[in-house]
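Feature annotations, courtesy of TrEMBL:
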COMPBIAS  66-75  compositional bias 'Low complexity'
COMPBIAS  93-106  compositional bias 'Low complexity'
COMPBIAS  111-122  compositional bias 'Polar residues'
DOMAIN    148-183  domain 'EF-hand'
DOMAIN    291-402  domain 'Calponin-homology (CH)'
DOMAIN    422-531  domain 'Calponin-homology (CH)'
DOMAIN    543-655  domain 'Calponin-homology (CH)'
REGION    33-122  region 'Disordered'
Amino acid sequence: MLQDVLHRLQEIFCTALPLSGGDFKLQLNEATTAKQGHTGSRRAKGPLRSAYPPGGSSSRERDNQLSSLSLSLRDPPLPLCLKPSRAPGGLHSRAASPEGSSPSPRGSEELQTGLTGNSYEDTDQSGFVSDFELQELFREASFSLPGYKVREIAETFIAGDTNKDEKISFTEFVAIFQELKSKQLSETFRKSITRRDGIRSFGGMSAKSSEGTQHSYSGDNLVLALNSASSIGCTVVSIDAHDLMAGKPHLVLGLLWQIIKVGLFADIAINGNGLIGLLTDSENRDDLKSLSPEDRLLRWVNQHLRNAGTSTISNFSEDIKDSKAYFHLLDQIALHQEHGYKKKVKIDMSAINERNLDQRAEMMLRQAARLDCRQFVSPSDVTSGNSKLNLAFVANLYNVHSGVQSSQTNGVGAAPLIEPETNEEKTFRNWMNSLGVAPHVNHLFCDLCDGLIIMQLYEKVNVPVNWKKVNNPPYPILGVNMKKLENCNYAVELGRDVAHFSLVGIGGENLNEGSRLHTLALVWQLMRRYTVSVLSDVGDGDKVGDQIILNWVNSTLRQKRKDTQLSSFKDKQISTSLPVIDLIDAIAPGTVRWDMVKRPQRGVLKDADKLNNAKYAVSLARKIGARVYTQPEDLVEVNPKMVLTLFAALMANGMKKAER
């Protein structure tokens, strides 16, 4: 699902942002303008390059795909790449750059290479751009404008000329060109998503807007992308499909970074690749479970640095700027390479004392390339201490070459591994994180032991919390656990007396100790209340029970003449996902592609076909706008809790559509 989300996001985002949009770097070429209906004189023949190629599910393939997407987090964008100039001279070789008015050197160089023609001359020999030269210059840059438009641009610029010389230098022309390109790209993107070929109504709008406005299929894809991102734990409470359509840089970048992190950290599990060996003598497994993936990576790096006999680091920004830590890390990784990995690599450490930090970083990355790990960062990203990209670089190193042997357990020995996270626990954790709780929930039971996350969830389901009774960190050195226990006691009190949850046999000490059974019992009731509260909002505040949801499902299926009827949320028919697909077809006719739906043969549906149906059903539910956290495996296994949340989300979506 992550690959599908990223692929769809990239297809939309690669044309969504204006060139002036923050620090989002896009690989644009003439194919982009051709695809969007650009009015320039040349049209590209090649397809738009995707930064997220499909295919491949291994961690190395996924990291390679994510690394290409991470280019978006680096530098400001440039004008569209034009054909190289054949003219050695011309106006741009003569014009001087007035002090204080020079645009980005890279932007100027990019435009200079875009000017074409055998020789472009400064016809009046003034060293500046006159009005008739301005029109020709735009034409040579494949940005033809009518004469009146050129005159308007010149008059507007001279009226607001900061240096008051009433002349346009070449560097000032570059600034004008960049601004015009930015505006045109933004405008053509808006036009491209509202064009009238292959369109249909887009849900989630007011009745008036839904009746009068048509949107392209990209709208549905964005809804699917957002709901899928939410289901894997990305915080999407302040962003919707319209924000993505508008190409708001800070929201798009924030969402992309969250998705990239999920993909990179997917394999950094506590049991994976010998991470249990990172425990110190004074720690137990609970201490490791409570660490974030970033902290686990930091421990992994520092273990290698200690083995190398060099200084450890405390961050992935300031401490790695000189590349020395990376040199030692790569050397240790090469020493611990698995025997089955291609061929033995010996890291060349000779450049570790190179005085030029950029050159040193480049030499370090060349050594990383020998380990197939030169992704995510450039030398300047290392020397500038870009924390996000360097974190991605280290995560990729870990995924490809952990270098931690499972036998290195620091005295822990061959103790049993920590019980892995179940699908249900992962669903609960992703649901919490998607709501924007703080701090981020990395481990369900350890991170809820102070009660603070539970308090935030109470407020999400409209249970009032008296924050004066809540103990917030930093806690005093003495009595830390007592303060956390008081929070947990208050959490149980709110659940029992205010939310009216069934908490028989559950006390604050159970939550504080991280009891799996008791924590799951409370969290499930919180998630169920949240799901049902969405229905109550749609249904004018009426309380909605399980039977009401089941009755609505069956009546909707009957009204649309579907054969399926459910006896309960434990009905074995649900394992085929056919009832879910039928319900989606009833809510949003024309959404289902029936050739993708697997049907039973002689009354039996294969397990693989059940899983494929479940994946398709969950994707369809998210595509029509339902906020679904249910996993495909929950449908195949008929997990009644998760099945309930799925049908409740579909009911809320169906009722909203009925109101419109």
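Cβ from N, Cα, C; glycine included.
As the structure is a computational prediction, the values presented were derived from the model and not from experiment.
For the domain 'Calponin-homology (CH)' (543-655), DSSP puts the residue distribution at 71 helix, 2 strand, 40 coil. Taken through DSSP, the domain 'Calponin-homology (CH)' (291-402) splits into 68 helix, 0 strand, 44 coil.
Taken together, the residues in the domain 'EF-hand' (148-183) have a mean pLDDT of 69 on the 0 to 100 scale.
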